[in-house]
Amino acid sequence: ELLEEGEDCYCHIPPNPCCDPATCKLTPGSQCAEGLCCDQCRFKKKGTICRIARGDFPDDRCTGLSDDCPRWNDL
C-alpha cells in the first residue's frame, strides 16, 4: 500500500480505527495505524521482536519510535 501525498495512513477499505477515513490522518492519540511495530494504534515497546531470526541472524526488534520493523543490520 502506498500512501498518497498528505496521507498519514491508508484510510480505505477495510476501516482502520487508528486512521480517520475522511482525512487519511491518524486519529487523535494514535502513533501509527499499521506495521509490524504497531499495536492498537501505538508503537510497540523498544526491543519487542517483530521478525523471528533466520539462520545466524538475530531477531529483528522494534525501536519504540516507529511502526517499521528494521532489519537487524539497519540498526
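Don't overthink the numbers, they just go from 1 along the chain as shown.
Note: Cβ is positioned from N, Cα and C throughout, glycine not excepted.
Of the listed residues Cys11, Cys32, Cys11 is the one Swiss-Prot pairs with Cys19, by disulfide bond.
Here Swiss-Prot annotates a disulfide bond for Cys37; of Cys9, Cys62, the partner residue is Cys62.
In the structure shown, the C-beta of Cys37 has more C-beta neighbours within 10 angstroms than that of any other entry among the disulfide-bonded residues Cys18, Cys24, Cys37, Cys41, Cys50. Less than 8 angstroms from the CB of Cys19 (disulfide bond) sit Asp8, Cys9, Tyr10, Cys11, Lys25, Leu26, Thr27, Ser30, Ala33, each of them six or more residues away in the same chain. For Cys11 (disulfide bond), other Cβ atoms within 10 Å of its Cβ number 19. Counting only the Cα atoms, the space from Cys18 (disulfide bond) to Cys32 (disulfide bond) is about 7 angstrom.
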